[in-house]
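Student: I am attaching a structure below and will ask some questions about it afterwards.
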């Protein structure tokens, strides 16, 4: 197919990469790739370096994050493109460094992106036990490892961001075989899948974006899990009962808005694991959680981000 697709390239900071993918949730995006120099540097230095990095070094990845999103060349594109530009411009309102903040678009052949982006995704250890593996990659699992199969073709959180790692490590610590887990803003389903693979009794992932819901359902199927439900809608409207653990990897402002409602969905003595919180906003979120009746159990930090574990 000739020139049927449009590639939108967003040059931003590593810090804002997760938020930019969130912006893309609200558009008709068909594929996303994320090239983040920080991820590459961290993995090169990690003791859990899972593969040969020469291949990535040859890619000449720029400083910061380069996010490429792919759209059909149709009448809706100009609307989406303007929305993306405006949203990236306003990232600083959420306390995020947008970096260069440059947004450009060009037409590409389908084959230019359909497979090339896959070279940026490799098996990555994101917790003490959990490894996330793209479906097309081979990986020899170690005895104590739990492998999540993920197709990041829609790239709703691939596990490499600090906030995802923080949430996964918290789930590793708190999930047990009796746990019911609710995952707010499930995206790719990665946190729901992690909880299920950690032997949670039952997991419910919810998202307000139908594209994310479809992506999460596909990833659940890839992992052959029967203890997960993925639902479209608002937690308060689509979920019955209470959870031992509610996890949310979203922006600090959204956590503050949701905190009071989340309290109603956590059993007494249960936990609210929240991340997507830049360190500058930590105290704001803690204050709101305490106002809603949570006790702060623990705060974990990775880079410029934190994860707050609060007890109901």
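The backbone N, Cα and C atoms fix where each Cβ goes, and this holds for glycine too.
Pasting the relevant annotations from Swiss-Prot:
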type: BINDING; residues: 164, 185, 207, 249; note: S-adenosyl-L-methionine binding site
Student: Quick one: give me the count of other CB atoms within 10 A of the CB of residue 185 (S-adenosyl-L-methionine binding site).
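Tutor: A 10 Å sphere around the Cβ of residue 185 (S-adenosyl-L-methionine binding site) contains 25 other Cβ atoms.
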Student: May I ask which residues of the same chain, at least 6 positions away in sequence, place their Cβ under 8 angstroms from the Cβ of residue 207 (S-adenosyl-L-methionine binding site)?
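Tutor: In sequence order, 185, 186, 187, 213, 216, 230, 232 meet the Cβ cut-off.
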Student: Tell me, by DSSP, whether residue 207 (S-adenosyl-L-methionine binding site) is helix, strand or coil?
Tutor: strand
